[in-house]
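One structure is given below, encoded as structure tokens.
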């Protein structure tokens, strides 16, 4: 692989606000450098100190890091704890039971407040109900539920009894849900009658029924249903149970199941570049430590904060910065069921004012869509709302382009709130590279520097460091507590995916092209180096989308690539070969719509191609390999400048370039 060219040269820089810096957990760059030096000088001692200070251990650990079976690293292995106890009981026992844990705003604007004592009681009742259904330590429970207090309760209840949860985003199809139910070997499924978003409903229970009917889910003995809307649903006696009926008679006391630090807290599926989704397995101790620690560092968390992460609990951001991180700190957070544009595009800004949000964390995709709305209508512009409570704002899910960063800084942060542009992944468990609000001078479009203890680097294809200013591959040189432990059921795929022999087998491969600034050493993410697409902050495997297209009766072959998109960051572009002659004009437009809807049904709406082009063939080498780099150029509307000497059918390029 040749060196990646860096084309972004950003010179604007913004210092942390003086008042915030003075009171920050990490105050000033000397404090940051001191922590980073502590980690470099005594790596195990650094992590041991954080783990002892940050978590409540039922049985203290004596071992910190076991590297004997690398890359299957173990952290705090002989220690015992419980995630739910750390998120709930210890705050109640400390006298903070009446502190508000969650301010929940429903799609229709209804607001519910739940204290730590209330949440502990609800989690305990549901945990007792799960135990009565025979669910316990080591079982896997799939959760397919809307954004809700009940979703948090379900996750925490699983953690309380030692069951491993696997949350599936509510936008996924029956087929995608079935794949995850089968792969994880779920014994129970927790879902809802319907999901309410943007004034519309989605029939989650019927999708769940369809997923189970697809087969391979014989282990699922219980389907527990949260009644969200009261909508009509099919009912399967013995298997289906109402959540509210199950918990009604249960005790609000449930002794936590103490588990080893390496016990799997959850398995979360993320797309791979080769077909089958990857079940990313996370531990209890190391993961929870980092969820809490990054709240304190990245968001400078204070007991007086009202934190709001706009993610869904179906993604890792919702796990770490809704279900676990804020609660592990004992904080108050806003949880939102709806979408940023309903009933209008001022919803986020109104909620910040209504709930006096102090720390706001959202995705660049949301920001870009709200910029468009705000510029078209002053009524939904941030300037029309009271955002004075904000002190820190952040971004997650994908790199944010400098123009959107500056708009966010000016109109939402009011030029006084630092932006924490966070880089991390499902596999990393929590933030890895990010500004610190009271220490790091920020630069639009850059995630700046690694957190203390995170040994990130940019290397070439042989694993050798590249000089600052030259693009390369982002890696992490040493294990960290919150890291992925394995891919569920596929340890060989884990090693090949994240610790490839090409890089020596000891460097964690992030899969992002990255460059470090020549002067500051700041990291800037340049995009994925493999074929995983990042659409609205969601990672989607091209192979999954291609497989969905080819499963349609009219499709013979398909290739999917991404292209830059102002709203979603990256858009899905599909090149399709039919089993019959290539359609044109209105026929092509109608069939493209049919195939978009088909992909939405097979995978979920997020995977629908924005552009479908029909060709008589795909550009292939003589050995039959699809030349995706050429398709990427065509998708972007660029002239083909690459070597096409190995191309078997050069004329197809002109045909695919002409089709829109």
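Cβ coordinates come from backbone N, Cα and C, glycine included.
According to Swiss-Prot, the CoA binding site annotation covers 197, 198, 199, 200, 317, 536, on the basis of sequence analysis. Per Swiss-Prot, ATP binding site is recorded for 397, 398, 399, 421, 422, 423, 424, 425, 426, 512, 528, 539. Here Swiss-Prot flags 550, 552, 555 as Mg(2+) binding site, drawing on sequence analysis. Residues or ranges marked as N6-acetyllysine in Swiss-Prot: 625.
Where Swiss-Prot records a feature, it is marked here on the structure.
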residue	record	DSSP (3 states)
198	CoA binding site	coil
317	CoA binding site	helix
397	ATP binding site	coil
422	ATP binding site	coil
536	CoA binding site	coil
552	Mg(2+) binding site	coil
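The binding-site residues shown are 197, 200, 555; of these, the one with its CA atom nearest the CA of residue 424 (ATP binding site) is 197.
Close to the recorded Mg(2+) site, the chain also has 548, 549, 551, 553, 554, 556, 558, 576, 595, 598: residues not among 550, 552, 555 whose Cβ is within 8 Å of the site's Cβ mean position. Of all the binding-site residues listed (197, 200, 528, 552), 200 has the fewest other CB atoms within 10 A of its CB. Sequence-distant contacts of residue 555 (Mg(2+) binding site), defined by Cβ-Cβ distance under 8 angstroms and a gap of at least six in the same chain, are 549, 576, 577, 578, 579, 595. Ranking the binding-site residues 199, 317, 397, 536 by how many other Cβ atoms lie within 10 angstroms of each Cβ puts 199 at the bottom. Of all Cβ atoms in the protein chains displayed, 13 besides its own lie within 10 Å of the Cβ of residue 550 (Mg(2+) binding site). Every protein chain considered, the tally of other Cβ atoms within 10 Å of the Cβ of residue 399 (ATP binding site) stands at 22. The distance from the Cα of residue 536 (CoA binding site) to the Cα of residue 528 (ATP binding site) comes to 14 Å. With residue 199 (CoA binding site) as the anchor, the candidate binding-site residues are 397, 399, 426, 528, 550, and the one with the nearest CA is 397. The secondary structure of residue 528 (ATP binding site), as reduced to three states from DSSP, is extended strand.
For residue 198 (CoA binding site), the number of other Cβ atoms no farther than 10 Å from its own Cβ, over all displayed protein chains, is 15.
Every protein chain shown contributes to the tally, and the Cβ of residue 424 (ATP binding site) ends up with 25 other Cβ atoms within 10 Å. Within 10 Å of the Cα of residue 397 (ATP binding site), the following binding-site residues from the list 197, 198, 317, 552 place their own Cα: 317.
Neighbour density at the Cβ, taken as the number of other Cβ atoms within 10 Å, is lowest among the binding-site residues 422, 426 for 426. In the set 422, 426, 528, 550, 552, none of the binding-site residues has a C-alpha within 10 Å of the C-alpha of residue 198 (CoA binding site).
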